[in-house]
Amino acid sequence: MRTVMLPSDWIQGFAGGMLIGAGAIVLMLFNGRIAGISGITASALTQLKQSSWRWAFLAGLIAAPLVTALAGFKLPESIPASLPMMAVAGLLVGIGTRIGSGCTSGHGICGLSRWSLRSLFATLIFMGTAVLTVSVVRHLV
């Protein structure tokens with residue numbers, strides 16, 4: 001599959017990155033928490049008495065594509081991967097977040113912005129693994 005980058009694609013990526021960063025800043029300023037999605041999800045499931053803000057955060061993540069579509073932005077019509085492939089990928093990502101003590105949002109966004117050396121190494125490892133995985137899946141499988 002070949003992806004064509006349109007002249008406006010970088011603007012959407014930039015805007016999305018700014019919104020993710022703004023969300024992480026707001027969560028830190030008003031709640032004193034890191035926007036690590038795997039940690040937020042795990043805590044929402046295990047710390048039921050203190051998780052109302054976590055469920056609201058997760059609901060916002062789930063509702064975002066609907067709001068985006070209602071705002072008139074075009075979303076992908078299909079995902080070029082089979083359901084079993086996505087299930088295996090999700091399982092591997094989940095295992096990786098447990099082994100790495102965090103996910104891309106916790107380490108890659110919040111950890112790097114705090115100059116965490118541990119997050120730098122975690123980010124380098126999972127980005128390198130992602131590049132290797134895409135290369136294998138697209139060119140060897």
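Including glycine, each Cβ sits where the backbone N, Cα and C put it.
The feature transmembrane segment is assigned by TrEMBL to 12-32 (among others).
The transmembrane segment annotation in TrEMBL covers 53-73 (among others).
Per TrEMBL, the feature transmembrane segment maps to 79-99 (among others).
Marked as transmembrane segment by TrEMBL: 120-140 (among others). Long-range contacts of the transmembrane segment (120-140) within the same chain: residues 96, 100-102, 104, 107-108, 111-112, each at least 6 residues beyond the stretch ends and with a Cβ under 8 Å from a Cβ of the stretch.
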Beyond the flanks of the transmembrane segment (12-32) by at least 6 residues, Cβ under 8 Å: 53, 57, 105, 109-110, 113
